[in-house]
Amino acid sequence: MMKKFLLVLIPVLILYFYNLGYNAVWMPNESFYADSAKNMLKSGEFLTPVYNGEIRLNKPPMTYWIVSLGYKIFGVNELGLRFFHALLGVFTGVLTYLLARRITGSKNTALLSFLILSLSFIFIANARYASPEVPFTFFITLSLYLWYEYFTRKKEFLFWLALIASSLAVLTKGPAGFVLPAGVVFFYLLLRAPKELLKIKYYAGTLMVFLLSGWWFLYQYLVHREEFLEVFIKENVKRIYALQRDPFYFYALDINVSFLPYSFLFFFALFWALKEKRRELSFPLVWFSFIFLIFSIVKMKIPVYIMPAYPAMAIITADFLNSQSLKKVKNLSLIFLWTVLVLATLALSLYFKFSATLFPLIPLLLLPFFLKKYELLPAFGAFAFLFYLSSVILPYVEQFRPYREVGKEIRKLDPKNELRTYELGFFHHNLPFYADRVIIRRTKEVKKPAIVLARKGSFDCEPVRKWELYTSSESRFFKFMLDIKRKKRFEEFLLCVIK
């Protein structure tokens, strides 16, 4: 079985780590973690993140610490920025494998669970990108895995390890790091073993999580009271009811895209598990249902919010695929998903005129048919699509992102960081990282002497360099790619020295 697992693990490792450090820091979100972690290493202040000279308390410090560790090992660069996020992504897949094997007793279901999670589009995208989402999902999954092991094996120390993992989730993304695993455990026990909830250790454990993670929130409240309260209420309270209002069914639709390549099959699997009353799947069913319903009720909805439910979704889907039920429905769905992925890869290659680079992937796409492993069709299609994306499309995109060059030129003009540096007309969030300084923005007056990077027409000066730079968010990646092709939202920026 270990050989089979390695055969599955190796291509996943390729997808997660190949060209990982090739692309410059993405805008806007990745820039916050890149620059703040860099500042932590420079200043030695690891409790209060500082981005572009300003305190940033939107998220607790765990993600910044993870990036800082990467910088320590690999240097302050893009590989260091993303390495441990990719590694935690793989580890989340391994935990899903172990949990699926424990729950179902099937090695094939466990392998499929690992594949389904690891190849999920939004999951792998976030694993190759520095943000709190994958570390948060990892710690939630670790907490629930350890608790389930405690509950089934009755080993006390696993219970307390589960609480430590939950504390780390809180230090990654706030109170949800405790609320989500605690809610899953509570409702599962309510269904299966309500007397377990009477044990005092669950309430002592709640206090333990509060002590292990609450110290950072208390520290920020005491030191930066106003800034902390404003951000804490916005991030943890207003998102529930005030910031934006998305429809209740948002995630029911979003799963069809975000959980590709096995997305449609999940709904069949969910229906099958409930109809057949698959008792062994009660834990992942409660896990998915609780997270899905909680975030469906929350007014502000973002696809990554339900990513902590993905391991449970992967296990449910894998067990369905490994069963003998609804074979015709499964096979038709698998072929349909494979076809969608093949057509998407082909469309991408033709649109960007890279069709020749697609030929080596054709045998890979057809391999499941020869092996008669139809459950692997979406996995092979996803591998081809994602490998094509990381080996061809991402390097192509990088030629339209000269941020390293812009930062290098600014450092060359002012190596000692003695001049004020401005950006006018737009703010590129990764510029503080590459220029290695505070970038002044939203100003009505430029104080001389200074370096100014200005959108053409926003400031009159004699440029020493010019670049075409993108003037929108890169987080909607396929929109960004279309803008590159159509040459939209790119503007000329002038770099000037004002004396």
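Glycine is treated like the rest: Cβ placed from N, Cα and C.
As written in Swiss-Prot, here are the features:
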type: TRANSMEM; residues: 5-25; note: transmembrane segment
type: TRANSMEM; residues: 79-99; note: transmembrane segment
type: TRANSMEM; residues: 110-130; note: transmembrane segment
type: TRANSMEM; residues: 132-152; note: transmembrane segment
type: TRANSMEM; residues: 170-190; note: transmembrane segment
type: TRANSMEM; residues: 203-223; note: transmembrane segment
type: TRANSMEM; residues: 252-272; note: transmembrane segment
type: TRANSMEM; residues: 286-306; note: transmembrane segment
type: TRANSMEM; residues: 332-352; note: transmembrane segment
type: TRANSMEM; residues: 354-374; note: transmembrane segment
type: TRANSMEM; residues: 377-397; note: transmembrane segment
Decide whether the stretches the transmembrane segment (5-25) and the transmembrane segment (170-190) have at least 3 CB pairs under 8 angstroms, with pairs required to be 6 or more apart in sequence. no
For the transmembrane segment (79-99) against the transmembrane segment (132-152), do we get 3 or more Cβ-Cβ pairs below 8 Å once near-sequence pairs (under 6 apart) are dropped? yes
Counting Cβ pairs closer than 8 Å to the transmembrane segment (203-223), the top stretch among 110-130, 132-152, 170-190, 286-306 is 170-190
The answer for the transmembrane segment (332-352), taking Cβ pairs under 8 Å and residues 6+ beyond its ends, is 260-265, 268, 358, 361, 365, 368, 374-375, 377-378, 380-382, 384-385, 388-389, 392-393, 396, 481, 485
Between the transmembrane segment (286-306) and the transmembrane segment (170-190), do 3 or more CB pairs sit under 8 angstroms, pairs being 6 or more residues apart? yes
